[in-house]
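Asks: Please find one structure pasted underneath; my questions will follow.
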There are 2 protein chains.
Amino acid sequence: MSHPIPAGVAAHVPAETTGFVFNHTMLRVKDPTTSLDFYTRVLGFSLIDQRHFDEAAFSLYFLAYLPAGTRIPADAGERAVWMAKLPALLELTHNHGSEDQDGAVYHNGNSEPRGFGHICVSVPDIEAACARFEQLEVPFQKRLSDGRMKSIAFIRDPDDYWVEIISSTPYSP
Amino acid sequence: MSHPIPAGVAAHVPAETTGFVFNHTMLRVKDPTTSLDFYTRVLGFSLIDQRHFDEAAFSLYFLAYLPAGTRIPADAGERAVWMAKLPALLELTHNHGSEDQDGAVYHNGNSEPRGFGHICVSVPDIEAACARFEQLEVPFQKRLSDGRMKSIAFIRDPDDYWVEIISSTPYSP
């Protein structure tokens, strides 16, 4: 890196963390139907598991980008172990009944009180991806043409969480 | 899956989303020194890039679990393209000066207003990992022994964001 290593960074990766995987990010969603539609139809994630806790009145939906033809283990225990080894899952939590509330239920972290900022999906052809989002009437937080950073966009999911879109190929607007 | 496919899930993965990658999750942090220490020394992430925007007074730090011996491209442009293809990066945003504020600066999403819930790291030996976190005096939100779900734990990062710890190997407490 062109900058000196910043303070705080460990001198080496601890041996005890071998095999650690950044498995997932969890977001609460108001209505799983609209969120599952957005993440599968618009963004191309696959639903790989759902877990329903009726007594505690919540459900979990796990989504991932899988290589074509991936076989999801049918056995729940086998599936849980398989999933735990994967990086980059998205977990959506649905507290039953939130879909019947009026208006927005969740806070996207980008107004006070701030914290979480966004998730990001990289795409091979960012202009084509953004044109398709327009066609699908996905709301934009920032179009490629907005602001100073012309090579990134932000779309908004059904709960208003921001999804950054970046190019995974060299791109100069 | 043992449940019917829920409403909203697309019948197939759209061809237009081929090559999409869930690249990163962004969290704002008060003090990059303490956060980089936590994510590298405690959790074993590697810092793969840092970007400083002095005029806008913020910095970005990108972390990842990399296979041992991975060579990070030295050229910034090459590195950006390489990074954009990776899944499961963690982006930490530091707004300059936040480290000098008193008390907590950011909201972890788990009290009102709720939204983002947590990130999750899977580990090959969850008992050893949790024993090490205890030894390193990492605060726990939920120990393995707390509550009903004895196979998961939650630790807290320096901004109080929750990090779920799950086992990536069959584990029955």
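Glycine is treated like the rest: Cβ placed from N, Cα and C.
Copied straight from TrEMBL:
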{"type": "ACT_SITE", "residues": "A:Glu164", "note": "active site, proton donor/acceptor"}
{"type": "BINDING", "residues": "A:Glu91, A:His118, A:Glu164", "note": "Zn(2+) binding site"}
{"type": "DOMAIN", "residues": "A:21-168", "note": "domain 'VOC'"}
Asks: For the domain 'VOC' (A:21-168), how many residues does DSSP put in helix, in strand and in coil?
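Replies: Going by DSSP assignments, the domain 'VOC' (A:21-168) contains 33 helix, 53 strand, 62 coil.
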Asks: What average pLDDT is reported by the model for the domain 'VOC' (A:21-168)?
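Replies: Per the prediction, mean pLDDT sits at 97 for the domain 'VOC' (A:21-168).
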Asks: Can you name the residues of this chain that are 6 or more positions from A:His118 (Zn(2+) binding site) yet have a C-beta less than 8 Å from its C-beta?
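Replies: Same-chain residues close to A:His118 (Zn(2+) binding site) (Cβ under 8 Å, separated by 6 or more) are A:Asn110, A:Phe154, A:Tyr161, A:Trp162, A:Val163, A:Glu164.
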Asks: Taking the Cβ of A:Glu164 (active site, proton donor/acceptor) as centre, how many other Cβ atoms lie within 10 Å?
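Replies: That number is 20.
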